[in-house]
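Trainee: Got these off TrEMBL a minute ago, pasting:
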ACT_SITE  GLU23  active site, proton donor
ACT_SITE  LYS157  active site, nucleophile
BINDING   LYS84, VAL104, SER138, ALA139, ASP140  substrate binding site
BINDING   ASP136  Mn(2+) binding site
Amino acid sequence: MTLLVSTHVRDALRDGAPVVALESTIFTHGLPRPRNVEVALAAEDALRAAGVVPATIGVLAGVPTVGLTADQVRELGGDDDGVKVSLRDLPVVAAQGRSGGTTVAGTAFLAHRAGIAVFATGGLGGVHRGAAETFDESADLPVLARTPITMVSAGVKSILDVGASLERLETLSITIVGYRTTRFPGFYLADSGFALDYAVDSPEEAAALTRARDALGVPGAVLVANPVPAEHQLDPAEHDRVLREALASMDAAGIGGHDATPYLLDQVQRATGGRSLDVNVAVYENNVALAGAIATALAGGDG
Ligand code: PSU
Ligand code: MN
């Protein structure tokens, strides 16, 4: 078995019903327990309430699974040995029968293989600060560059070098539009301080962009950058202070590579007394809702 697509997801895809892919690293490595599983299941419930079929993706005992059951989400969300499965890790976990949460890179690959067109996360990976020396750039970017999926995220995580991430997105020819804004969102912040060239104003416009990409055969993702509503964002001054401290403590602890993102998210969550966690959840809910609306618009015909 190379890829298991659950029956309800397969039926929805066959019928042309709206489907949204959801990743699992966000709840295996990004959010603390027990909130992680609550958030993951609430995202699915929100999609179902909007008439959209959720397809949470992860790897269970070596089987990449598209459309995890609630029990499987609980199992992965409570697994201390779960692997953070980016695309390069997929062959290893499959061959060795291991379990883990798929990152944006791993999930985008599997979602596209299953025939799913729309995917929601919180904030994408990108170029880490200091990458000029470490070369630490998330595999999310190069994988999205060759995966024709429509990705909804609140920009890249603000723990990253946002400017460098935007430069790489441009080089990699990933189409980016702001959702009702030409400011690039900053994950915990509505505005990262960087501008975007284009915006779309409705799910239908995002769906039209997806269709144009497909008609042209442009190989990569369309990234719909969806800012967290301003009333839910983290206080910008607090954000900058806490992030400075988290980066310094990561340096001091000598942490890097695939541990960097989970470490920084955890440090920021601790230092803000959980406020950043609430923001991360608000960011995610907002993106899931928009992804559902785009999937619905795409399923609605040639618009
Ligand atoms: N969005 C969130 N929280 C997360 C992530 C995204 O709100 O934890 C995860 C995604 O799975 C993304 C990963 O692919 O963080 C990036 O990790 P890295 O920088 O090591 O590629
Ligand atoms: Mn990395």
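Using N, Cα and C of the backbone, Cβ positions are placed for all residues, glycine too.
TrEMBL labels come from automatic prediction, so no person has curated them.
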Trainee: Output: those binding-site residues from ASP136, SER138, ALA139, ASP140 whose CB lies less than 6 Å from an atom of ligand 2, in sequence order; none if no residue fits.
Mentor: ASP136, SER138
Trainee: VAL104, ALA139: which of these binding-site residues has the highest Cβ count within 10 Å of its own Cβ?
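Mentor: Going through VAL104, ALA139 one by one, the largest Cβ count within 10 Å is at VAL104.
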Trainee: Could you check the recorded positions GLU23, ASP136, ASP140 and say which one's CB has the fewest neighbouring CB atoms inside 10 Å?
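Mentor: Per-residue Cβ counts within 10 Å for the recorded positions GLU23, ASP136, ASP140 bottom out at ASP136.
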Trainee: Hey, does DSSP put LYS84 (substrate binding site) in a helix, a strand, or just coil?
Mentor: strand
Trainee: Given the substrate site residues LYS84, VAL104, SER138, ALA139, ASP140, which other residues of that chain have a Cβ within 8 Å of the mean position of their Cβ atoms, reported in sequence order?
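Mentor: So the extra residues in range turn out to be THR25, SER86, LEU87, THR103, ALA105, GLY106, LEU124, GLY125, VAL143.
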Trainee: Which binding-site residues, if any, among LYS84, VAL104, SER138, ASP140 have a Cβ under 6 Å from ligand 1, given in order along the chain?
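Mentor: Only VAL104, SER138, ASP140 qualify.
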Trainee: What span in Å does the substrate site cover, taken as the longest CA to CA distance among LYS84, VAL104, SER138, ALA139, ASP140?
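Mentor: Binding-site diameter by Cα atoms for substrate: 13 Å.
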Trainee: Enter the number of other CB atoms within 10 angstroms of the CB of LYS84 (substrate binding site).
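Mentor: Summing over all protein chains shown, LYS84 (substrate binding site) has 19 other Cβ atoms within 10 Å.
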Trainee: How many Å lie between the Cα of LYS84 (substrate binding site) and the Cα of LYS157 (active site, nucleophile)?
Mentor: 17
Trainee: Express the distance between the Cα positions of LYS157 (active site, nucleophile) and the residue listed as 'Mn(2+) binding site' as a whole number of Å.
Mentor: 14
Trainee: GLU23 (active site, proton donor) to ALA139 (substrate binding site): how many Å between their Cα atoms?
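Mentor: Between the alpha carbons of GLU23 (active site, proton donor) and ALA139 (substrate binding site) there are 14 Å.
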Trainee: From the Cα of VAL104 (substrate binding site) across to the Cα of the residue listed as 'Mn(2+) binding site', what is the distance in angstrom?
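Mentor: Cα-Cα, rounded: 16 Å.
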Trainee: Identify, in sequence order, the residues in the chain of SER138 (substrate binding site) that are 6 or more apart from it along the sequence and have a CB within less than 8 Å of its CB; answer 'none' if there are none.
Mentor: THR103, VAL104, ALA105, LEU124, GLY125, GLY126, VAL127, HIS128, LEU160, THR261
Trainee: Would you mind checking how many other C-beta atoms are within 10 angstroms of the C-beta on LYS157 (active site, nucleophile)?
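Mentor: Result for LYS157 (active site, nucleophile): 28 other Cβ atoms within 10 Å.
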